[in-house]
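Feature annotations, reproduced from TrEMBL:
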TRANSMEM  B:24-44  transmembrane segment
TRANSMEM  B:80-102  transmembrane segment
TRANSMEM  B:109-128  transmembrane segment
TRANSMEM  B:166-188  transmembrane segment
TRANSMEM  B:194-216  transmembrane segment
């Protein structure tokens with residue numbers, strides 16, 4: 001029980017062999033697996049964080065692009081509005097000018113027509129007067145004085161003149 | 001009674017006038033076979049993803065042990081951890097193997113002495129490996145040269161204390177259990193067996209590797 005002998009050496013050999021065997025069959029595989037898993041997890045985390053960073057970068061990019069687009073659209077709308085306004089004004093003024101021209105020409109035409117009508121009426125009146133005069137001269141020379149004839153004529157002619165003026 | 005205490009020679013190798021192989025060595029072979037066999041069975045089909053329950057238990061045990069030793073001797077001494085795990089497994093099984101009817105090999109002074117000698121070499125080696133031979137030689141004369149003899153003595157005292165503590169505990173527990181079984185063979189030994197065979201055995205295994213790791217750490221300073 002209390003003696004040291006060659007079994008001490010045997011035990012040392014046993015322990016060394018046990019150490020090598022357990023290291024090979026137990027500790028190393030288990031540690032390897034655990035390390036592999038740790039590496040896997042670390043890789044996954046790294047990947048996730050890099051993906052997140054990329055997403056944030058893309059978001060900033062998109063936001064910038066969006067802001068640019070918004071600015072541009074505002075600009076485009078403004079430009080369109082000014083253009084439309086200018087076009088509107090141009091069209092309106094053109095239309096005014098055209099309408100004025102048309103009005104003028106219409107007025108001129110009306111004037112012309114009226115003058116023509118006046119001329120025609122005057123000649124008609126003159127004709128009528130002549131006829132009337134002839135008739136009066138023919139029929140009533142004997143009965144009435146010259147003064148009356150003139151008066152009648154002038155009255156008719158004046159009326160006719162006033163009527164045409166009114167119209 | 002005394003026969004139980006003796007470490008019998010199981011067989012003799014018939015060379016050099018007969019080398020007696022003691023019971024402790026044979027039981028150690030059994031323990032080795034069991035440990036390696038169980039390792040091979042449990043370590044098969046390990047998976048990185050979706051580990052089975054068996055693998056989780058195994059991993060948490062190994063992970064706990066390596067974390068424990070790493071906490072004592074530091075990350076830079078990771079390479080000593082497999083040895084310490086081996087020793088704690090061997091001691092744990094040896095100390096409780098009396099439950100299975102074997103005589104614990106740690107009851108034999110040869111085994112505890114062998115363990116202590118290996119611890120001694122490991123302790124000194126770790127110190128030399130870390131700081132170099134020069135520093136190792138010098139550290140005997142610190143803090144004052146007067147303590148040098150005591151420091152040198154410590155090389156032997158530390159493993160001796162490890163050896164004797166383990167041997168004494170296991171032998172004492174064994175003797176008490178044998179006496180109890182001789183006097184009251186029924187029921188009464190059960191609670192005592194829990195304490196002396198299981199608790200004390202595991203505690204001594206723990207203490208042995210814990211102190212070895214602690215001494216290694218001390219030696220590396």
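We number each residue from 1, going along the chain as drawn.
Glycine is no exception: its Cβ is also placed from the backbone N, Cα and C atoms.
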Field: Stretch in B:109-128, B:166-188, B:194-216 most in contact with the transmembrane segment (B:80-102), if contact is a CB pair under 8 A
entry: B:194-216
Message: Short question: most Cβ pairs under 8 Å with the transmembrane segment (B:194-216), which of B:24-44, B:109-128, B:166-188?
response: B:166-188
Message: How about long-range neighbours of the transmembrane segment (B:24-44): same chain, 6 or more residues beyond its ends, C-beta under 8 Å?
response: 7, 10, 54-55, 58, 89-90, 93-94, 97, 102-108, 110-111
